[in-house]
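According to TrEMBL, the feature domain 'DYW' maps to 456-548. The annotation repeat 'PPR' is assigned in TrEMBL to 40-74, 141-175, 242-272.
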Amino acid sequence: MVTARYRPPVYLATRLVIMYARCGALDDARNVLDGMPERNVVSWTAMISGYSQSGRHAEALELFVRMLRAGCKPNEFTFATVLTSCSGPQSIHQVKQVHSLVAKTNFESHMFVGSSLLDMYAKAGNIQEARKVFDMLPERDTVSCTAIISGYAQLGLDDEALDLFRQLYSAGMQCNYVTFTTLLTSLSGLASLDYGKQVHGLILRKELPFFVVLQNSLIDMYSKCGKLLYSRRVFDHMPQRSAISWNAMLMGYGRHGIGHEVVQLFRTMTEEVKPDSVTLLAVLSGCSHGGLVDEGLDIFDLIVKEQNAVLSIGHYGCVIDLLGRSGRLQKALYLIQDMPFEPTPAIWGSLLGACRVHVNVSVGEVVAQRLLDMEPGNAGNYVILSNIYAAAGMWKDVFRVRNLMLEKTVTKEPGQSWIILDKVIHTFRSSDRFHPRKKDIDAKIKEIYVDIKAAGFVPDLSCVLHDVDDEQKERMLLGHSEKLAVTFGLMNTPPGLTIRVMKNLRICVDCHNFAKFVSKVYGREISLRDKNRFHLLTDGACTCGDYW
């Protein structure tokens with residue numbers, strides 16, 4: 001055609017653009033487009049779509065602007081395609097600009113465009129605008145409903161995602177596997193076992209075709225709700241598994257500190273699937289949480305040598321945690337200084353936590369100084385350093401750290417814990433004064449204190465950094481959110497039932513000891529998920545081995 005100087009008609013040239021774009025030959029597609037004497041909306045949209053699907057978002061947006069300047073009016077497919085290219089630091093600004101054009105061309109209420117619009121607002125972090133677009137849609141299909149639920153889930157607004165799902169499902173929303181996968185993400189964040197079981201039941205009743213991604217979400221949800229037996233049951237019944245399936249199960253065991261299962265499952269996995277870098281991360285984390293130091297280090301060396309895995313800072317973080325757990329703090333410090341990555345606060349924080357466990361003041365001071373330089377406003381670092389000094393009997397330094405916090409006006413992130421009873425989420429904050437049953441909870445926790453002190457419990461006053469007398473410190477410790485949640489669970493569940501509590505931050509030493517003694521004195525199993533891991537406390541002992 002080129003040799004004969006033949007100019008194909010618009011419809012044929014457009015098909016050439018589509019063909020080249022679908023084959024990934026974007027330069028050839030662009031040459032055809034640029035050589036067209038006239039172009040229609042389909043021609044422009046095909047080329048924009050090609051750029052967008054290949055990740056060349058800047059070129060997609062530039063071509064869209066050129067299309068507008070050429071006087072071609074976009075259709076619903078053009079807008080939906082352009083919106084997927086609004087990404088990066090300027091995404092919210094780009095989405096708003098496209099939104100204004102959508103509104104002017106009366107496509108705002110179009111389901112296809114509306115779904116793309118609300119999805120991009122959500123991905124840009126503006127869930128309020130996403131919800132406005134959703135509420136304006138005259139009709140809502142599975143895609144738009146899933147997009148708004150996903151928006152809440154992606155931003156960690158798990159309560160809101162669950163509430164919206166219930167409303168939409170009651171109104172007749174049709175769900176597909178993407179809807180359920182998104183919802184399971186929120187239920188994992190809430191650690192809501194009862195709702196998770198209900199959603200699993202819905203999935204079974206819908207008789208959806210087998211989707212690996214959906215089964216993976218079920219594995220993850222059950223493990224984060226503290227039900228590894230259910231996770232393993234889903235895993236074992238999968239007709240086919242991806243590397244992600246294996247990794248999800250490995251992470252579940254690791255999160256619960258069951259290191260021997262991590263190692264055993266990893267060995268089985270290597271017979272069926274090639275491990276990847278995520279696998280190594282899951283195995284190292286599991287060995288660390290399970291206390292299998294030597295096994296973890298051996299697996300690290302093996303995979304690095306034989307599998308040529310691409311290592312990330314996360315892998316080094318796990319090895320540092322393994323060294324810290326075994327007390328090899330100086331070696332961990334050298335590894336941080338020699339690794340090919342810039343150490344993050346999380347890396348330094350892991351080593352500082354190990355210094356607290358092993359009461360290593362010299363390394364702890366070096367690490368704490370790095371952290372205080374990087375995160376001068378993070379109260380947790382001051383607290384752990386103060387705990388190290390307190391454990392070493394260095395009270396002058398404890399007071400120095402407290403005064404430093406006052407000088408820098410450092411305040412702790414508000415801790416909150418929650419427990420789900422009878423499908424109701426009960427949330428507690430430190431020294432919660434607003435719970436409707438505050439008086440009952442206060443009376444019960446004092447009763448518990450008497451019982452566990454008689455069994456040998458001693459409050460760890462070093463967890464309080466305020467300069468007050470010991471009696472006041474003890475009262476302050478009583479108000480910690482996880483203690484309130486455990487107490488509420490003890491009050492409102494029958495004897496013998498597991499108490500399941502979640503917390504947004506790392507559990508403090510005193511609350512951990514409190515939960516251990518409650519499990520022993522009252523004969524209760526307590527499942528407590530904090531920011532770092534699961535703690536399963538039974539008969540006065542925890543699966544973390546008092547290391548977290």
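We count from 1, first residue shown onward.
Positions of Cβ are set from backbone N, Cα and C atoms, glycine also.
Computed from a predicted structure; not experimentally measured.
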When secondary structure is assigned with DSSP, how many helix, strand and coil residues does the domain 'DYW' (456-548) contain?
37 helix, 16 strand, 40 coil
Same chain only, please: residues at least 6 beyond the ends of the repeat 'PPR' (141-175) with a C-beta under 8 Å from a C-beta of the stretch. Say none if there are none.
111, 114-115, 118-119, 121-123, 125, 127, 130-131, 134, 182-183, 185-187, 189-190, 192, 195, 202, 206, 425
Would you list the DSSP helix, strand and coil counts for the residues of the repeat 'PPR' (141-175)?
26 helix, 0 strand, 9 coil
Kindly state the mean pLDDT of the domain 'DYW' (456-548) in the predicted structure.
89
Taking helix as H, G and I and strand as E and B in DSSP, count the residues of the repeat 'PPR' (40-74) in helix, strand and coil.
26 helix, 0 strand, 9 coil
